[in-house]
Amino acid sequence: LFDGIYPFYPQQRKVFVFDVSTIIVIVVFLTFTCSFLLIIPGIRGRARIYWTLRVLLSLIVGVVIVVVQFTGDWETGWVKANTSYKSFSRALVNVDIGLHVGLAGVNVTLRGNPVNQVNETIDYNEHFAWSFNADYDQSYSEGLERGLPSPILYVAEKFTTQSPCSMHRQYRISSHYASATLWVAFCTWLISNILFSMPVLVYGGYMLLVTGAFMIFSLLSFSTVKNSLMCPIQFGTAILRTGYGGSFWLMLAIGLLCFVAGITVVALHCFNLDLLKTFFDLHEDKAEEYQEMTEVYVNPHFVNKGL
């Protein structure tokens, strides 16, 4: 590390937005989408458009609920600073330092301006997990042993259990509750799809409202960290400030979409049931049933006996 020798990393670095779990979830939902697109030509008339809208909207809601569990951009922040690169060295480097908070942990990014400085390539992205099966302090200790750059260790130290900032407890608890409510939202999303396929339309609309409510609850749980005092992450005169990231706003948009869809289904059930049945492709089935019921065949033997 000090004589031009790069540190050895026994494990692969984790990207702060997409990782293997996120890619697996996206591939699974894309498989369902492609399978549905293959059977679309077999649906006739306007029902093809209605089926496409229903299935695609439902898949979008489901994939977002699952994917945001593994993303690392619920809260993000960047700062540009001139800071020391290594311990026991007076050399200063011009770097961009990023903090990316997810439900499973934090990612600290260090990128040089330019990338090549002090005879090294400054481009790091380190993940420190705080999920139930992970030990954040152990990850931080391993970073110390590997000789990570000082800016990364300084930011990661703010989230340790021994830090006087108490940021670890605040973020860890709020993230766990947010993750739990999102899994409940995923279950209610599955129930809503079952109710729509039975079909029990109005109850499916109610479950969409419940799904949107649990999404909003997860956002409220994660946002509670903003109500407590936070230790400043400062590099000289520059302060690293964070704000809600893409996953947070995406979850808010999908939650509002579930509210709009649920309210629309319930309102149509109360004021225009025919339009709702048309959208769910139920009118044609009922018409065929009525048509079949008009063709009645009676056995003359029972008619003659007055039965």
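A Cβ is built for glycine as well, from the same backbone N, Cα and C atoms used for every other residue.
What TrEMBL says about this protein:
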TRANSMEM  20-39  transmembrane segment
TRANSMEM  51-71  transmembrane segment
TRANSMEM  91-110  transmembrane segment
TRANSMEM  177-196  transmembrane segment
TRANSMEM  202-225  transmembrane segment
TRANSMEM  246-268  transmembrane segment
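Contact count against the transmembrane segment (177-196) (Cβ pairs under 8 Å) is highest for 202-225, out of 20-39, 51-71, 91-110, 202-225, 246-268.
With respect to Cβ pairs under 8 Å, the transmembrane segment (20-39) is most closely packed against 51-71, considering the stretches 51-71, 91-110, 202-225, 246-268. Sequence-distant neighbours of the transmembrane segment (202-225) (same chain, 6+ residues past either end, Cβ-Cβ under 8 Å): 61, 65, 74-75, 103, 170-171, 174-175, 177-179, 181-182, 184-185, 188-189, 191-193, 195-196, 244, 248, 251-252, 254-259, 261-266, 269.
Remote same-chain residues near the transmembrane segment (91-110) are listed as 14, 16-17, 68-85, 117-118, 122-131, 134, 136, 149, 151-152, 155-156, 159, 171, 175-176, 178-179, 182, 222, 233, 235, 240, 242, 245, 247 (criterion: CB distance under 8 Å, separation of at least six residues from the stretch ends).
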